[in-house]
Amino acid sequence: SPEESLECVLVGTDVACVLSEDEGDRLDGAKETRDDDSTSSILAALGGVALVSPFFLWGTSMVAMKEVLPATSPLFVASVRLVPAGAVLVAWAASKGRPMPSGAMAWLAIAIFALVDGTAFQGCLAEGLQRTSAGLGSVIIDSQPLTVAVLAAIIYGESLAPAGVFGLFLGVVGLLMLELPKEALAQIGGGDLGGALAAVTAGVDDGGGIWDSGEWWMLLAAQSMAVGTVMVRWVCKYVDPVMATGWHMALGGVPLLAYSIATEPGVYENLDKLTAGDVGGLMYTSLLGSALAYGAFFYFASKGSLTKLSSLTFLTPMFAALFGYLLLGETLDEVQLAGAAVTIVGIYLV
C-alpha cells in the first residue's frame, strides 16, 4: 500500500518521515483525498482522543520530569526516560518481525543518531526543565522546524515558499520574545542594540552565566532535535525506522547514565528515599511518555493519518503549559505568551 512506502522515525518529541521520490510523485495528486478518507476511518474507529494521545503524553511528560527532578538529577531522569523506553520499543519491533540492524553502517548510523537525538536532546531537555517552566520549554523545543528548514535548504537544496520565509522571520521574533530578558526587549524596541546586548550579558557578568539559563538549554535541545530530523533520510537507508527509534533511545541513554553514576553518587545512594509519586513520575515519563507515545504515533502513522497527526503537534506545548499551570503553578507572562503565539504561527507557516 502507499502508506508502506513511508519510513517514519521518532525524533525527540516529533516525527520525521522519508518517502521515496517515485512514490512521492505518484502520491502527490491523491494525497489530500487519501488523508481525508483514512483519517475519517481512524477517527471513527478509535476516536479523536486516541489520536491526540501521543501529544498529551509528550506534553504531560515534561511536567512529570520537572516534578521528579528535585529528588534526582537531570542526567538520571534523562537516562531513565530513554533506556527502558528504548528497550520496550526494540522488543515490540522484534515481536512484529521488524529486522534488527545489520552491518557496520547500520550501527554507525544508530550510534550517531543516538548521540545527537538521544544523549544531546534528552540531556539538554532535562537540564533546561530544571531551570525553566515545562510550557515555555516545550514551546522552545517545538521551534525546531525552523532550524530544520534552514538545514534542509543548505544540505538538500530544498527551497521555502515566501510564506515559509516569513514564517522563519516570525519564528525568530517569537523565540527572541521567549528567551531574551524584558530589559533587552525594551532596548531593542527603542533601537538601542548596544543596550540590549548589555541587558543580555548582565546575567553573565553577575555570575549567572548562559549555562544557568533554562531557555538556553531548551534552545540547544531544539537544535539537537533539528539535526536528528535532518539525519533521518540517512539513517533510514540502513536501519528499519522503528528499530532506529528504539535503539537510538536505548543507546542514547547509556552515556547519560554512565556520567550520572560517575559524578552523582548521592543520587543513587538516595534512590530508596524516592516517594511513590517520584517513582510514578519516572515510570510515566519513560513507559508512557516515551514508549507508549511513540508506539501510538507509529500506529496512527501506519494507518495513513500522518498529515492529521502532523497538524496536531502544536498540542504538545499546550498540554505542557496547561498541566504545568494546574499541577506546578507555572505561568507565562504577557510577553512570553505573545512570543509563544508568534513562534507557533511561524512554525505553521514554515
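Every residue number used here counts from 1 along the chain in the order it is shown.
Positions of Cβ are set from backbone N, Cα and C atoms, glycine also.
These numbers come from a predicted model, not from an experiment.
Summarising the annotation, TrEMBL assigns transmembrane segment to 42-63 (among others).
The domain 'EamA' annotation in TrEMBL covers 49-178 (among others).
Taking Cβ pairs closer than 8 Å, the transmembrane segment (75-94) reaches residues 61, 65, 68-69, 100, 118, 122-123, 125-126, 240, 242-243, 245-254, 256-257, 259-260, 263-264, 267, 282, 285-287, 289-291, 294-295 in its own chain, all 6 or more past its ends. Residues annotated as transmembrane segment in TrEMBL: 75-94 (among others).
Sequence annotations record features per position, and here TrEMBL assigns transmembrane segment to 106-126 (among others). Long-range neighbours of the transmembrane segment (106-126) within the same chain, counting only residues 6 or more positions beyond its ends whose Cβ lies under 8 Å from a Cβ of the stretch, are 11-12, 65, 69, 74-75, 77-79, 81-82, 86, 137, 141, 217-218, 220-221, 224-225, 227-228, 231, 234-235, 237-239, 244, 247-253, 255-256.
Cβ atoms under 8 Å from those of the transmembrane segment (133-154) belong to residues 12-14, 59, 62-63, 65-66, 125, 160, 164, 167-168, 171-172, 174-175, 178-179, 214-215, 218-219, 221-223, 225-227, 229-230, 313-314, 316-317, 320-325, 328, 330-332, 336, 339-340, 343-344, 346-347, 350 of the same chain, restricted to positions at least 6 beyond its ends. Annotation comment: TrEMBL describes 133-154 (among others) as transmembrane segment.
Beyond the transmembrane segment (160-178), the same-chain residues lying 6 or more positions past its ends with a Cβ under 8 Å from any Cβ of the stretch are 136, 139-140, 143, 146, 149-150, 153, 185, 188, 215, 219, 335-336, 338-350. Marked as transmembrane segment by TrEMBL: 160-178 (among others).
Per TrEMBL, the feature transmembrane segment maps to 185-204 (among others).
Here TrEMBL flags 213-350 (among others) as domain 'EamA'.
Per TrEMBL, the feature transmembrane segment maps to 216-235 (among others).
Annotated transmembrane segment per TrEMBL: 242-262 (among others), in sequence order. If one looks beyond the transmembrane segment (242-262) by at least 6 residues along the same chain, the residues whose Cβ comes under 8 Å of a Cβ in the stretch are 9-10, 73, 75-76, 78-83, 85-93, 96, 98-101, 109-111, 113-115, 117-119, 121-123, 235-236, 268, 290, 294, 298.
If you look up TrEMBL, you'll see 282-302 (among others) marked as transmembrane segment.
Annotation source TrEMBL lists transmembrane segment at 309-328 (among others). Counting same-chain residues at least six beyond the ends of the transmembrane segment (309-328), those with a Cβ under 8 angstroms from any Cβ of the stretch are 13-15, 51-52, 54-56, 58-60, 62-63, 66-67, 133-139, 142, 297, 300-301, 340, 344, 347-348.
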Next item on the list: Please average pLDDT over the domain 'EamA' (213-350) for the predicted structure.
Entry: 85
Checklist line | DSSP-assigned states of the domain 'EamA' (49-178) in counts, ordered helix, strand, coil | finding: 108 helix, 0 strand, 22 coil
